[in-house]
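Notes follow once the structure below has been shown.
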């Protein structure tokens, strides 16, 4: 399994993404789905409880031996941290307070960001909207790996390291592919995060800070939940651009596994995506799907025909509007 993969470039396509057309078709046939396009106010309380859980953990680890700090950072902190990034994903779609209170969602996203240790929420919102509008768009969608990633991470060991280093690549990829001017809200996000980190260090010391940052890095790297990064859009079957996952880890990830449903209806909160699938079952049941993110990670590493190049990419035409 040590040979380089056969693929040497992305899969260039010259058609529009399938989600807009399918959304129109489904709504014409099932207009009752429109009733699901409303905020999920339970998300607010779930996020508050998650922040409180991490604050409690910061306190509890402050006097532990280092080996236990590392242990709990991976076993517990990483799960909460990755789950919180997906709560921020929900908030970026205005699922907490609704579209009429967009700024409330932005402030709440900054609050949800605090136990992650690194500023993330506002920048994620700006780039994630591009991902939905221009899925696979060359030079726009920063979910697409760089040419270097596709070229270099082409053996099982290198692909394994690519998975471990996912947080690093997600952080620097926007700067390489589609850099944007820093916004006022991003500065506020940064200052709020630095202030929070200083307070945690002052109150409880370096072990709490390490637990916080290690949990975020480990949770977004070599972790079962991280299978969703690859499962969502990497082309395991030629011609299929988006894949859903219907396994139990959706309980920890705000149903992000329902990814075809999410791209079809990005204004429906994750809580209601199983209902979308149930109502429009004839559109989703026969699409390629996963039941194990761990298997996705294993197959990605061991299958010589899959690599970071295994993505559909589009040359965008006409005017491109970005946040």
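From the backbone N, Cα and C atoms, a Cβ is placed for every residue, glycine too.
Owing to the predicted nature of the structure, the values given are computational and were not obtained by experimental measurement.
Cross-referencing 43-61, 138-156, 157-175 with TrEMBL places the feature transmembrane segment at 43-61. Cross-referencing 17-34, 89-106, 107-124 with TrEMBL places the feature transmembrane segment at 107-124.
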